[in-house]
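Trainee: Have a look at this one.
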Amino acid sequence: MKMARALLVALLLVSCFVALGLSGRADAAAERKTVGVYELNKGDFSIKVTNWGATLMSVILLDSRGNFGDVILGYDTVAEYMNGTAYFGGLIGRVANRIANARFTLDGKTYRLVPNDGNNTLHGGHRGFDKVVWTVKEHVAGGSSPFITLYYHSFDGEQGFPGDVDVHVTYQLSSPHVLSVRMNATARGKATPVNLAHHAYWNLGGDGSGNVLGEEVRLFASRYTPVDASLIPTGRMASVAGTPYDFRTPAAVGSRIGGLLSRGVNGYDINYVVDGRGLRPVAVVRDGASGRAMELWADQPGVQFYTANGLSGVRGKGGKVYGHYGALCLETQGFPDAVNRPSFPSQIVRPGKVYKHDMVFKFSF
Ligand SMILES: *[C@@H]1O[C@H](CO)[C@@H](O)[C@H](O)[C@H]1NC(C)=O
Ligand SMILES: *[C@@H]1O[C@H](CO)[C@@H](O)[C@H](O)[C@H]1NC(C)=O
Ligand SMILES: *[C@@H]1O[C@H](CO)[C@@H](O)[C@H](O)[C@H]1NC(C)=O
């Protein structure tokens, strides 16, 4: 197993070098399946994406003093993403978040998944969409709205899920400093749950600049879904009022964390029920030191707010070491374990039907 993995990494590394540096419009005949790194540049705003896991590798932005910084955690090389376990910048699927006891029943048939988080399935299983090679469909590196579209065909039975699924994700930069992530997935042949999520680890002060407990966050969510000890929702939707989960008015990330620690919870890792419907504000994050701010809009029922509680001594970009609370994640998505919770919004996509998920990040500095 180890040998096979080492060989795979070596092979992909070779193809990585081959693909590096190539950019421009990929025509249909030359769709690229070798692993590469693709840049989108719009003046003082740029990102890097790799088709390994449709992963966002960097988001480069100015700060209020005119210095550039990378506001997401990650690695310098694709090989490190292949080996990594933190889901840095990855596109998570087929079903993001947890599925209790690694199984569900759909249309009378029980499906067994891969348990990779105690008894539960997390983020699609042992080898989710963040650990596969995507095809680059189109890449426009510059101009007024640079973009890249990636495609993945998930096969019937992959990680235990039923039916083929065609998945697309498009990363695009637009004015003035807007990054959009647009996802869709079409079920082919069988009904299946689909719940995609984007797993960037944000630190508006710059990756490796320390913890985010001093960054200010606002969440447009009046309720959350309480969980049991293995982070599976109890099925309730509880008000955030009077709890450490209340970020309806802007507050420092660390300002209420003591209330979690005293309950034996080591940080935020919880799904919020986002107020309203459609494409609407989900969160605003501000970092006083750099003057950077980020507004997130999305069209999903929930957002998992995670404060990188599990990070510890991870060596990332430029040798920087990422620790506990070194970033925050705002993973818009459906609710955890929805496939086993009839009271939660359904994630089932019937054959021929399309799942859609749009995220819009608006930056200022
Ligand atoms: C792979 O990950 C392990 C465990 O995190 C780490 O010790 C090792 O150095 C990593 N190897 C590479 C090539 O990044
Ligand atoms: C997994 O399930 C078994 C059987 O129900 C239980 O005994 C065990 O404690 C569970 N493990 C975890 C990590 O929850
Ligand atoms: C999914 O997204 C891709 C890329 O933007 C697009 O070409 C395709 O038409 C979309 N599929 C559906 C069914 O909307």
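Note that Cβ sites are derived from N, Cα and C of the backbone, with glycine treated the same way.
For 1-23, the entry in TrEMBL reads signal peptide. For N97, R98, H199, A200, Y201, D269, the entry in TrEMBL reads beta-D-galactose binding site. Positions annotated as active site, proton donor by TrEMBL: H199. Residues annotated as active site, proton acceptor in TrEMBL: E331.
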Trainee: For A200 (beta-D-galactose binding site), what is the tally of other C-beta atoms lying within 10 angstroms of its C-beta?
Mentor: 24
Trainee: If one measures from the C-alpha of the residue listed as 'active site, proton acceptor' to the C-alpha of H199 (beta-D-galactose binding site), what distance in angstrom results, rounded to a whole number?
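Mentor: The residue listed as 'active site, proton acceptor' to H199 (beta-D-galactose binding site), Cα-Cα distance: 6 Å.
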Trainee: Any idea which of the recorded positions H199, D269, E331 has the thinnest Cβ neighbourhood at 10 Å?
Mentor: D269
Trainee: In sequence order, which same-chain residues at least six apart have a C-beta under 8 angstroms from Y201 (beta-D-galactose binding site)?
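Mentor: Within the chain, Y201 (beta-D-galactose binding site) has Cβ neighbours under 8 Å at I72, L73, G74, A86, F88, G89, D207, A308, L311, Y322, G326, A327, L328, C329.
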Trainee: Through the lens of DSSP with three states only, how would you label Y201 (beta-D-galactose binding site)?
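Mentor: Assignment for Y201 (beta-D-galactose binding site) reads coil.
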Trainee: If we count other C-beta atoms within 10 Å, could you say which of the binding-site residues N97, R98 has the fewest?
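Mentor: Counting other Cβ atoms within 10 Å of each of the binding-site residues N97, R98 gives the minimum at R98.
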